[in-house]
Amino acid sequence: SSSESISVPMIPLGLKETKELDLLVPLKDLISEHYGEEGVLFEKEIKEFMELRQAMRTPSRNEAGLELLMEYYNQLYFLDSRFFPPTKSLGVFFHWYDSLTGVPSHQRALAFEKGSVLFNIGALHTQIGARQDRASLPGLNQAIDAFQKAAGAFNYLKENFSNAPSLDMSTASLNMLVRLMVAQVQECVFEKMTLLRAQHNFLARLQLAQEAARVEDVYSLVHQTMTQAHVKDYVPFSWTTMVHVKSEHFKALSHYFAAIALCDCPVASDAELPEQEKAFIQFHVTMPEGPSLRVLLQDPEERRKLGKAHLKKAIMKHEEAMRIHGLCKILRKMDILQEVLSFAHKRSLSKYSEIDHEEDFFETGDAPDIHPKTHQKPEIKSPNFSQVKVTDLFHRLGPLSVFSAKNKWYPARRVHLMRGENGFGFTLRGDSPVLIAGVIPGGCAAEAGLKEGDYIISVNGKDCKWSKHAEVVQLLKSTGEEGVEIGVITLQGSEGPKAADKKAVGMSSGSGMLKSNKENSRKSLMNSKSASTLLVWSKKSKRSKKSTYGIPFTAVGDNEAMY
(Lines of atoms letter the chains of each structure in order from A and count residues from 1; the text may use other names and numbers.)
(Lines give C-alpha, C1' and ligand atoms only; values in the text may rest on other atoms or scores of the structure.)
Protein backbone atom coordinates (compact mmCIF):
# COMPACT_ATOMS: atom_id res chain seq x y z
CA SER A 1 0.00 0.00 0.00
CA SER A 2 1.30 3.39 -0.95
CA SER A 3 0.73 5.01 2.43
CA GLU A 4 2.95 2.52 4.20
CA SER A 5 5.97 3.77 2.29
CA ILE A 6 5.28 7.43 3.08
CA SER A 7 7.88 8.65 5.54
CA VAL A 8 6.74 10.63 8.54
CA PRO A 9 8.57 13.99 8.55
CA MET A 10 11.62 14.40 10.80
CA ILE A 11 12.60 17.50 12.79
CA PRO A 12 15.60 19.41 11.36
CA LEU A 13 17.28 22.37 13.08
CA GLY A 14 17.98 25.79 11.61
CA LEU A 15 21.58 27.06 11.66
CA LYS A 16 22.69 29.76 14.06
CA GLU A 17 23.41 33.00 12.21
CA THR A 18 26.27 35.37 12.94
CA LYS A 19 27.32 38.91 12.10
CA GLU A 20 30.28 39.79 9.93
CA LEU A 21 33.54 40.21 11.79
CA ASP A 22 36.44 42.51 10.91
CA LEU A 23 39.69 41.20 12.38
CA LEU A 24 42.10 43.14 10.20
CA VAL A 25 43.08 45.86 12.67
CA PRO A 26 43.04 43.85 15.93
CA LEU A 27 45.19 41.07 14.48
CA LYS A 28 47.64 43.46 12.77
CA ASP A 29 48.03 45.31 16.08
CA LEU A 30 48.67 42.12 18.00
CA ILE A 31 51.22 40.91 15.46
CA SER A 32 53.14 44.19 15.85
CA GLU A 33 52.88 44.34 19.64
CA HIS A 34 53.29 40.70 20.59
CA TYR A 35 55.34 39.20 17.78
CA GLY A 36 57.41 42.25 16.93
CA GLU A 37 56.67 41.73 13.23
CA GLU A 38 55.09 44.19 10.85
CA GLY A 39 51.35 43.57 10.94
CA VAL A 40 50.89 44.86 7.40
CA LEU A 41 52.96 41.91 6.11
CA PHE A 42 50.25 39.52 7.35
CA GLU A 43 47.25 41.19 5.70
CA LYS A 44 46.95 38.38 3.15
CA GLU A 45 46.64 35.71 5.89
CA ILE A 46 44.17 37.77 7.94
CA LYS A 47 41.98 38.36 4.88
CA GLU A 48 42.11 34.67 4.02
CA PHE A 49 40.89 33.81 7.52
CA MET A 50 38.09 36.38 7.27
CA GLU A 51 37.01 34.97 3.90
CA LEU A 52 36.84 31.49 5.41
CA ARG A 53 34.64 32.85 8.22
CA GLN A 54 32.42 34.61 5.71
CA ALA A 55 31.97 31.39 3.69
CA MET A 56 31.24 29.41 6.87
CA ARG A 57 28.19 31.61 7.58
CA THR A 58 26.24 30.04 4.69
CA PRO A 59 27.42 26.46 4.19
CA SER A 60 25.81 24.31 1.50
CA ARG A 61 23.49 21.60 2.87
CA ASN A 62 25.79 18.69 2.02
CA GLU A 63 29.15 17.07 2.75
CA ALA A 64 31.02 20.10 1.35
CA GLY A 65 29.19 22.39 3.80
CA LEU A 66 30.16 20.12 6.70
CA GLU A 67 33.80 20.16 5.59
CA LEU A 68 33.75 23.95 5.42
CA LEU A 69 32.45 24.21 9.01
CA MET A 70 35.03 21.65 10.18
CA GLU A 71 37.82 23.53 8.42
CA TYR A 72 36.85 26.77 10.12
CA TYR A 73 36.48 25.02 13.50
CA ASN A 74 39.99 23.54 13.15
CA GLN A 75 41.41 26.90 12.08
CA LEU A 76 40.06 28.42 15.33
CA TYR A 77 42.52 26.26 17.26
CA PHE A 78 45.40 28.13 15.60
CA LEU A 79 43.71 31.50 15.99
CA ASP A 80 43.29 30.80 19.70
CA SER A 81 46.92 29.74 20.19
CA ARG A 82 48.31 32.66 18.21
CA PHE A 83 46.14 35.61 19.17
CA PHE A 84 44.30 35.04 22.43
CA PRO A 85 46.69 35.66 25.31
CA PRO A 86 45.43 34.39 28.67
CA THR A 87 45.70 37.78 30.32
CA LYS A 88 44.41 40.13 27.68
CA SER A 89 41.30 40.32 25.52
CA LEU A 90 41.56 40.88 21.79
CA GLY A 91 38.69 43.35 22.14
CA VAL A 92 36.59 41.63 19.48
CA PHE A 93 33.00 40.52 20.10
CA PHE A 94 31.56 37.40 18.49
CA HIS A 95 27.83 37.86 17.74
CA TRP A 96 25.55 34.85 17.24
CA TYR A 97 21.78 34.44 17.11
CA ASP A 98 19.83 31.68 18.86
CA SER A 99 18.87 28.90 16.45
CA LEU A 100 15.25 28.65 17.67
CA THR A 101 14.36 32.14 18.86
CA GLY A 102 16.73 34.39 16.92
CA VAL A 103 17.71 36.16 20.18
CA PRO A 104 21.20 37.72 19.77
CA SER A 105 24.12 37.02 22.13
CA HIS A 106 27.69 38.23 22.04
CA GLN A 107 30.92 37.41 23.83
CA ARG A 108 34.61 38.09 23.64
CA ALA A 109 35.43 34.46 24.40
CA LEU A 110 36.60 32.52 21.38
CA ALA A 111 34.96 29.49 22.99
CA PHE A 112 31.57 31.02 22.12
CA GLU A 113 32.57 31.18 18.45
CA LYS A 114 33.87 27.62 18.60
CA GLY A 115 30.76 26.30 20.35
CA SER A 116 28.44 28.04 17.87
CA VAL A 117 30.27 26.50 14.89
CA LEU A 118 30.02 23.09 16.55
CA PHE A 119 26.27 23.64 17.05
CA ASN A 120 25.96 24.40 13.32
CA ILE A 121 27.83 21.19 12.45
CA GLY A 122 25.15 19.32 14.42
CA ALA A 123 22.31 21.36 12.89
CA LEU A 124 23.62 20.76 9.35
CA HIS A 125 23.66 17.00 10.01
CA THR A 126 19.98 17.20 11.06
CA GLN A 127 19.10 18.95 7.79
CA ILE A 128 20.98 16.36 5.74
CA GLY A 129 19.23 13.57 7.68
CA ALA A 130 15.76 15.09 7.21
CA ARG A 131 16.32 15.46 3.45
CA GLN A 132 17.02 11.78 2.74
CA ASP A 133 14.55 9.62 0.84
CA ARG A 134 13.70 7.12 3.56
CA ALA A 135 11.65 4.87 1.27
CA SER A 136 14.93 3.31 0.10
CA LEU A 137 17.59 1.46 2.05
CA PRO A 138 20.52 3.75 1.08
CA GLY A 139 18.43 6.79 2.03
CA LEU A 140 17.59 5.25 5.41
CA ASN A 141 21.22 4.40 6.13
CA GLN A 142 22.29 7.95 5.26
CA ALA A 143 19.56 9.38 7.51
CA ILE A 144 20.67 7.12 10.38
CA ASP A 145 24.29 8.20 9.91
CA ALA A 146 23.37 11.91 9.77
CA PHE A 147 21.18 11.84 12.91
CA GLN A 148 23.84 9.85 14.80
CA LYS A 149 26.46 12.44 13.88
CA ALA A 150 24.10 15.27 14.88
CA ALA A 151 23.62 13.59 18.28
CA GLY A 152 27.42 13.32 18.55
CA ALA A 153 28.00 17.01 17.81
CA PHE A 154 25.39 18.18 20.36
CA ASN A 155 26.72 15.74 22.93
CA TYR A 156 30.32 16.91 22.40
CA LEU A 157 29.15 20.50 22.79
CA LYS A 158 27.30 19.63 26.00
CA GLU A 159 30.32 17.87 27.50
CA ASN A 160 33.01 20.35 26.53
CA PHE A 161 31.47 23.83 26.71
CA SER A 162 29.45 25.39 29.48
CA ASN A 163 27.93 28.74 30.50
CA ALA A 164 26.77 29.47 26.97
CA PRO A 165 25.03 32.85 26.75
CA SER A 166 22.34 31.51 24.40
CA LEU A 167 19.58 29.06 25.30
CA ASP A 168 20.10 26.71 22.35
CA MET A 169 23.52 25.83 23.79
CA SER A 170 22.39 25.34 27.40
CA THR A 171 22.88 21.90 28.93
CA ALA A 172 19.10 21.34 29.14
CA SER A 173 18.55 22.18 25.44
CA LEU A 174 21.50 20.12 24.24
CA ASN A 175 20.35 17.18 26.33
CA MET A 176 16.94 17.44 24.67
CA LEU A 177 18.50 17.67 21.19
CA VAL A 178 20.70 14.60 21.75
CA ARG A 179 17.62 12.62 22.82
CA LEU A 180 15.58 13.90 19.88
CA MET A 181 18.29 12.79 17.43
CA VAL A 182 18.54 9.36 19.07
CA ALA A 183 14.75 8.99 18.74
CA GLN A 184 14.90 9.94 15.04
CA VAL A 185 17.61 7.30 14.53
CA GLN A 186 15.42 4.73 16.29
CA GLU A 187 12.50 5.65 14.03
CA CYS A 188 14.70 5.11 10.95
CA VAL A 189 15.75 1.71 12.35
CA PHE A 190 12.06 0.74 12.57
CA GLU A 191 11.48 1.92 8.99
CA LYS A 192 14.51 -0.09 7.90
CA MET A 193 13.02 -3.20 9.48
CA THR A 194 9.68 -2.75 7.72
CA LEU A 195 11.59 -2.38 4.46
CA LEU A 196 13.82 -5.43 5.00
CA ARG A 197 11.29 -7.80 6.56
CA ALA A 198 9.36 -8.84 3.52
CA GLN A 199 8.55 -12.24 5.08
CA HIS A 200 5.41 -12.17 7.17
CA ASN A 201 6.13 -14.90 9.68
CA PHE A 202 5.16 -14.82 13.34
CA LEU A 203 8.63 -13.99 14.75
CA ALA A 204 9.28 -11.20 12.23
CA ARG A 205 6.03 -9.50 13.23
CA LEU A 206 6.77 -9.84 16.94
CA GLN A 207 10.10 -8.17 16.24
CA LEU A 208 8.40 -5.32 14.39
CA ALA A 209 6.03 -4.82 17.32
CA GLN A 210 9.00 -4.65 19.72
CA GLU A 211 10.86 -2.22 17.45
CA ALA A 212 7.78 0.03 17.37
CA ALA A 213 7.55 -0.16 21.17
CA ARG A 214 11.21 0.90 21.34
CA VAL A 215 10.51 3.96 19.13
CA GLU A 216 7.56 4.84 21.38
CA ASP A 217 9.84 4.52 24.39
CA VAL A 218 12.49 6.95 23.12
CA TYR A 219 9.94 9.50 21.89
CA SER A 220 8.23 9.41 25.31
CA LEU A 221 11.59 10.27 26.87
CA VAL A 222 12.05 13.17 24.43
CA HIS A 223 8.54 14.41 25.19
CA GLN A 224 9.31 14.27 28.91
CA THR A 225 12.54 16.24 28.34
CA MET A 226 10.74 18.83 26.21
CA THR A 227 8.12 19.49 28.87
CA GLN A 228 10.66 20.17 31.65
CA ALA A 229 10.85 23.59 33.24
CA HIS A 230 13.93 25.01 31.46
CA VAL A 231 12.99 23.72 28.04
CA LYS A 232 9.18 23.91 27.90
CA ASP A 233 8.76 27.60 27.05
CA TYR A 234 11.67 27.51 24.65
CA VAL A 235 10.94 24.53 22.39
CA PRO A 236 8.43 25.23 19.58
CA PHE A 237 4.97 23.86 20.33
CA SER A 238 4.97 22.06 16.96
CA TRP A 239 8.07 20.06 18.03
CA THR A 240 6.60 19.04 21.37
CA THR A 241 3.33 18.05 19.67
CA MET A 242 5.09 16.13 16.88
CA VAL A 243 7.11 14.14 19.43
CA HIS A 244 3.97 13.43 21.47
CA VAL A 245 2.08 12.34 18.34
CA LYS A 246 4.92 10.01 17.37
CA SER A 247 5.07 8.35 20.79
CA GLU A 248 1.31 7.58 20.63
CA HIS A 249 1.50 6.54 16.95
CA PHE A 250 4.31 4.03 17.55
CA LYS A 251 2.58 2.64 20.63
CA ALA A 252 -0.45 2.01 18.40
CA LEU A 253 1.77 0.33 15.80
CA SER A 254 3.34 -1.96 18.40
CA HIS A 255 -0.14 -3.25 19.37
CA TYR A 256 -1.17 -3.50 15.71
CA PHE A 257 1.81 -5.70 14.77
CA ALA A 258 1.23 -7.84 17.87
CA ALA A 259 -2.36 -8.43 16.70
CA ILE A 260 -1.23 -9.21 13.14
CA ALA A 261 1.30 -11.76 14.46
CA LEU A 262 -1.43 -13.49 16.47
CA CYS A 263 -4.25 -13.34 13.90
CA ASP A 264 -2.62 -13.53 10.47
CA CYS A 265 0.11 -16.09 11.10
CA PRO A 266 -0.57 -19.82 11.05
CA VAL A 267 -0.72 -21.56 14.40
CA ALA A 268 2.66 -22.89 15.59
CA SER A 269 3.55 -26.43 14.56
CA ASP A 270 5.14 -28.68 17.18
CA ALA A 271 8.56 -28.02 15.64
CA GLU A 272 8.13 -24.21 15.75
CA LEU A 273 6.59 -24.14 19.20
CA PRO A 274 9.76 -23.98 21.38
CA GLU A 275 11.19 -21.03 19.42
CA GLN A 276 7.86 -19.15 19.36
CA GLU A 277 7.31 -19.81 23.05
CA LYS A 278 10.75 -18.43 23.86
CA ALA A 279 10.10 -15.25 21.83
CA PHE A 280 6.62 -14.81 23.30
CA ILE A 281 7.77 -15.14 26.93
CA GLN A 282 9.82 -11.95 26.51
CA PHE A 283 7.29 -10.19 24.33
CA HIS A 284 4.87 -8.62 26.81
CA VAL A 285 5.77 -6.36 29.71
CA THR A 286 3.41 -8.46 31.88
CA MET A 287 2.02 -11.85 30.95
CA PRO A 288 -1.45 -11.76 29.34
CA GLU A 289 -4.28 -13.23 31.41
CA GLY A 290 -5.82 -16.50 30.31
CA PRO A 291 -4.43 -19.85 29.24
CA SER A 292 -0.82 -20.95 29.32
CA LEU A 293 1.51 -19.83 26.53
CA ARG A 294 1.54 -23.22 24.87
CA VAL A 295 -2.27 -23.35 24.70
CA LEU A 296 -2.42 -19.73 23.55
CA LEU A 297 0.04 -20.27 20.70
CA GLN A 298 -1.71 -23.41 19.44
CA ASP A 299 -5.34 -22.33 19.86
CA PRO A 300 -6.58 -20.04 17.03
CA GLU A 301 -9.53 -18.82 19.10
CA GLU A 302 -7.29 -17.78 22.03
CA ARG A 303 -4.94 -16.03 19.60
CA ARG A 304 -7.88 -14.17 18.08
CA LYS A 305 -9.05 -13.03 21.54
CA LEU A 306 -5.64 -11.62 22.51
CA GLY A 307 -5.19 -10.14 19.01
CA LYS A 308 -8.53 -8.39 19.37
CA ALA A 309 -7.43 -6.91 22.73
CA HIS A 310 -4.23 -5.61 21.08
CA LEU A 311 -6.22 -4.04 18.23
CA LYS A 312 -8.59 -2.37 20.66
CA LYS A 313 -5.59 -0.75 22.34
CA ALA A 314 -4.06 0.15 18.96
CA ILE A 315 -7.25 1.93 17.87
CA MET A 316 -7.37 3.92 21.13
CA LYS A 317 -3.77 5.01 20.63
CA HIS A 318 -4.32 5.92 16.95
CA GLU A 319 -7.23 8.10 18.01
CA GLU A 320 -5.11 9.74 20.72
CA ALA A 321 -2.35 10.46 18.18
CA MET A 322 -4.88 12.08 15.83
CA ARG A 323 -6.43 14.10 18.66
CA ILE A 324 -3.04 15.52 19.75
CA HIS A 325 -2.13 16.19 16.11
CA GLY A 326 -5.30 18.24 15.73
CA LEU A 327 -4.29 20.56 18.60
CA CYS A 328 -1.42 22.11 16.66
CA LYS A 329 -2.11 24.49 13.80
CA ILE A 330 1.30 23.95 12.18
CA LEU A 331 0.97 20.16 12.22
CA ARG A 332 -2.58 20.32 10.84
CA LYS A 333 -1.08 21.86 7.70
CA MET A 334 1.24 18.85 7.25
CA ASP A 335 -0.77 16.62 4.94
CA ILE A 336 1.81 13.83 5.00
CA LEU A 337 1.59 13.36 8.75
CA GLN A 338 -2.22 13.51 8.62
CA GLU A 339 -2.21 10.86 5.90
CA VAL A 340 0.11 8.49 7.76
CA LEU A 341 -1.94 8.73 10.97
CA SER A 342 -5.31 8.18 9.32
CA PHE A 343 -3.98 5.34 7.14
CA ALA A 344 -2.68 3.50 10.23
CA HIS A 345 -5.96 4.13 12.05
CA LYS A 346 -8.10 2.80 9.18
CA ARG A 347 -5.84 -0.23 8.82
CA SER A 348 -6.34 -1.17 12.50
CA LEU A 349 -10.10 -0.54 12.27
CA SER A 350 -10.53 -2.76 9.21
CA LYS A 351 -8.48 -5.52 10.85
CA TYR A 352 -10.66 -5.26 13.96
CA SER A 353 -13.90 -5.57 12.00
CA GLU A 354 -12.40 -8.52 10.10
CA ILE A 355 -11.68 -10.55 13.25
CA ASP A 356 -14.69 -9.36 15.26
CA HIS A 357 -17.41 -12.01 15.34
CA GLU A 358 -21.04 -11.11 15.91
CA GLU A 359 -21.35 -13.94 18.41
CA ASP A 360 -18.44 -12.65 20.58
CA PHE A 361 -19.90 -12.42 24.05
CA PHE A 362 -16.58 -12.19 25.89
CA GLU A 363 -15.50 -8.79 27.18
CA THR A 364 -12.37 -7.83 25.22
CA GLY A 365 -9.63 -7.73 27.85
CA ASP A 366 -6.88 -5.17 28.30
CA ALA A 367 -3.81 -6.19 26.31
CA PRO A 368 -0.50 -5.81 28.17
CA ASP A 369 2.08 -3.47 26.65
CA ILE A 370 4.84 -4.79 24.44
CA HIS A 371 8.37 -5.03 25.73
CA PRO A 372 10.57 -2.55 23.76
CA LYS A 373 13.54 -4.14 22.01
CA THR A 374 15.72 -3.11 19.08
CA HIS A 375 18.20 -5.00 16.92
CA GLN A 376 20.20 -1.81 16.18
CA LYS A 377 21.00 0.52 19.03
CA PRO A 378 21.61 4.14 17.99
CA GLU A 379 25.24 5.26 18.30
CA ILE A 380 26.21 8.77 19.33
CA LYS A 381 29.01 9.55 16.85
CA SER A 382 31.41 12.24 18.08
CA PRO A 383 32.73 14.66 15.47
CA ASN A 384 35.94 13.47 13.84
CA PHE A 385 37.81 16.76 13.47
CA SER A 386 40.93 15.14 12.07
CA GLN A 387 39.14 14.17 8.86
CA VAL A 388 39.54 17.74 7.63
CA LYS A 389 43.22 18.67 7.54
CA VAL A 390 44.11 22.35 7.86
CA THR A 391 47.39 24.22 7.87
CA ASP A 392 48.01 27.09 10.23
CA LEU A 393 47.36 30.22 8.17
CA PHE A 394 49.80 32.15 10.37
CA HIS A 395 52.66 29.65 10.27
CA ARG A 396 55.06 32.39 9.13
CA LEU A 397 54.99 33.70 12.70
CA GLY A 398 57.02 30.63 13.69
CA PRO A 399 56.44 27.29 15.46
CA LEU A 400 53.60 27.43 17.98
CA SER A 401 55.70 25.73 20.66
CA VAL A 402 57.45 29.09 21.11
CA PHE A 403 55.61 31.74 19.07
CA SER A 404 52.20 31.63 20.71
CA ALA A 405 49.94 34.10 22.50
CA LYS A 406 50.79 32.61 25.92
CA ASN A 407 54.56 32.99 25.60
CA LYS A 408 56.40 36.28 26.01
CA TRP A 409 59.95 36.92 24.88
CA TYR A 410 62.44 39.75 24.98
CA PRO A 411 63.06 41.63 21.72
CA ALA A 412 65.20 39.68 19.27
CA ARG A 413 68.98 40.24 19.55
CA ARG A 414 71.55 40.00 16.79
CA VAL A 415 74.84 38.53 17.90
CA HIS A 416 78.06 38.41 15.89
CA LEU A 417 80.03 35.21 16.47
CA MET A 418 83.55 34.27 15.46
CA ARG A 419 84.55 30.63 15.45
CA GLY A 420 87.29 29.92 18.02
CA GLU A 421 89.70 26.99 18.15
CA ASN A 422 87.04 24.89 19.88
CA GLY A 423 84.19 25.92 17.63
CA PHE A 424 81.55 28.44 18.69
CA GLY A 425 81.37 27.20 22.27
CA PHE A 426 77.75 26.12 22.57
CA THR A 427 75.57 23.02 22.33
CA LEU A 428 72.41 22.95 20.29
CA ARG A 429 69.33 20.82 20.68
CA GLY A 430 66.02 20.15 18.89
CA ASP A 431 64.63 21.88 15.84
CA SER A 432 62.01 24.41 14.77
CA PRO A 433 63.38 26.54 16.41
CA VAL A 434 66.80 25.24 17.45
CA LEU A 435 67.62 25.79 21.13
CA ILE A 436 70.96 26.77 22.62
CA ALA A 437 71.10 24.07 25.29
CA GLY A 438 74.39 25.08 26.89
CA VAL A 439 77.08 27.75 26.63
CA ILE A 440 80.71 26.97 27.54
CA PRO A 441 82.00 29.52 30.05
CA GLY A 442 84.70 31.66 28.47
CA GLY A 443 83.90 30.38 24.97
CA CYS A 444 83.08 32.54 21.92
CA ALA A 445 79.31 32.21 22.41
CA ALA A 446 79.50 33.24 26.05
CA GLU A 447 81.60 36.30 25.21
CA ALA A 448 79.17 37.30 22.46
CA GLY A 449 76.35 37.30 25.04
CA LEU A 450 74.50 34.14 24.03
CA LYS A 451 72.68 32.42 26.86
CA GLU A 452 71.48 28.94 27.59
CA GLY A 453 67.79 28.74 26.61
CA ASP A 454 68.07 31.18 23.69
CA TYR A 455 66.33 30.19 20.48
CA ILE A 456 68.04 30.73 17.13
CA ILE A 457 65.61 32.52 14.82
CA SER A 458 68.01 33.56 12.02
CA VAL A 459 71.53 32.89 10.71
CA ASN A 460 73.11 35.57 8.51
CA GLY A 461 69.70 37.10 7.88
CA LYS A 462 68.07 33.79 6.86
CA ASP A 463 64.91 33.05 8.87
CA CYS A 464 65.46 29.85 10.86
CA LYS A 465 62.32 29.67 13.00
CA TRP A 466 61.16 26.55 11.17
CA SER A 467 64.63 25.18 10.37
CA LYS A 468 65.67 21.69 11.33
CA HIS A 469 68.72 21.06 13.51
CA ALA A 470 70.88 19.90 10.59
CA GLU A 471 69.98 22.95 8.47
CA VAL A 472 71.07 25.38 11.21
CA VAL A 473 74.28 23.42 11.79
CA GLN A 474 74.99 23.51 8.04
CA LEU A 475 74.51 27.30 7.98
CA LEU A 476 76.85 27.73 10.96
CA LYS A 477 79.52 25.44 9.54
CA SER A 478 79.57 27.22 6.21
CA THR A 479 80.71 30.51 7.79
CA GLY A 480 84.15 31.80 6.94
CA GLU A 481 86.63 33.91 8.86
CA GLU A 482 84.31 36.91 8.86
CA GLY A 483 82.12 35.05 11.41
CA VAL A 484 78.36 34.71 11.52
CA GLU A 485 75.45 36.87 12.62
CA ILE A 486 72.88 34.97 14.66
CA GLY A 487 69.41 36.28 15.60
CA VAL A 488 68.15 34.92 18.93
CA ILE A 489 65.22 35.42 21.28
CA THR A 490 64.95 34.64 24.98
CA LEU A 491 61.62 33.66 26.46
CA GLN A 492 60.74 35.68 29.54
CA GLY A 493 61.46 33.52 32.56
CA SER A 494 58.04 33.88 34.11
CA GLU A 495 56.65 32.11 31.09
CA GLY A 496 59.05 29.16 31.16
CA PRO A 497 57.48 25.76 30.56
CA LYS A 498 56.65 25.29 34.25
CA ALA A 499 54.55 28.42 34.36
CA ALA A 500 52.99 27.71 30.99
CA ASP A 501 51.88 24.29 32.22
CA LYS A 502 50.02 25.77 35.13
CA LYS A 503 48.21 28.33 33.07
CA ALA A 504 44.47 27.77 33.33
CA VAL A 505 42.90 28.40 30.01
CA GLY A 506 39.41 29.52 30.97
CA MET A 507 38.63 31.52 27.88
CA SER A 508 36.81 34.14 29.85
CA SER A 509 37.22 37.09 32.09
CA GLY A 510 33.97 36.85 33.99
CA SER A 511 31.70 34.11 35.17
CA GLY A 512 28.96 34.85 32.67
CA MET A 513 31.25 33.95 29.78
CA LEU A 514 31.23 30.67 27.99
CA LYS A 515 34.14 28.75 29.42
CA SER A 516 35.28 25.65 27.70
CA ASN A 517 36.08 24.57 31.20
CA LYS A 518 35.93 20.86 30.75
CA GLU A 519 38.22 21.08 27.78
CA ASN A 520 40.87 22.20 30.22
CA SER A 521 41.25 18.97 32.03
CA ARG A 522 43.94 16.79 30.60
CA LYS A 523 41.95 13.79 31.76
CA SER A 524 39.01 14.45 29.51
CA LEU A 525 41.53 15.06 26.77
CA MET A 526 43.00 11.61 27.18
CA ASN A 527 39.64 9.89 27.39
CA SER A 528 38.28 11.91 24.53
CA LYS A 529 37.23 9.63 21.69
CA SER A 530 37.82 12.43 19.25
CA ALA A 531 40.80 11.60 17.14
CA SER A 532 41.89 15.15 17.33
CA THR A 533 43.41 16.06 20.62
CA LEU A 534 44.73 18.97 18.60
CA LEU A 535 41.46 20.80 19.11
CA VAL A 536 41.21 20.95 22.84
CA TRP A 537 41.43 24.49 24.12
CA SER A 538 44.18 24.13 26.63
CA LYS A 539 46.16 21.55 24.75
CA LYS A 540 49.80 22.46 25.16
CA SER A 541 51.59 22.52 21.87
CA LYS A 542 53.78 19.51 21.44
CA ARG A 543 57.42 20.27 22.15
CA SER A 544 59.86 18.54 19.94
CA LYS A 545 62.53 19.73 22.37
CA LYS A 546 62.51 18.66 25.96
CA SER A 547 64.08 21.96 26.81
CA THR A 548 64.22 22.86 30.44
CA TYR A 549 65.58 26.30 30.80
CA GLY A 550 67.81 25.94 33.80
CA ILE A 551 69.84 22.88 32.83
CA PRO A 552 73.28 23.22 34.37
CA PHE A 553 75.86 22.86 31.67
CA THR A 554 77.54 19.68 32.80
CA ALA A 555 77.37 17.19 30.00
CA VAL A 556 76.09 17.00 26.50
CA GLY A 557 72.77 15.07 26.49
CA ASP A 558 71.80 12.35 24.05
CA ASN A 559 70.26 14.55 21.41
CA GLU A 560 72.55 17.54 21.81
CA ALA A 561 75.58 18.27 19.75
CA MET A 562 78.50 20.54 20.52
CA TYR A 563 79.71 23.14 18.03
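Just so you know, glycine gets a Cβ as well, placed from its N, Cα and C.
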Listed range which TrEMBL flags as region 'Disordered', given the options 468-497, 498-527: 498-527
Tally of DSSP helical, extended and coil residues in the domain 'PDZ' (414-482): 14 helix, 23 strand, 32 coil
PLDDT averaged over the residues of the domain 'PDZ' (414-482): 88
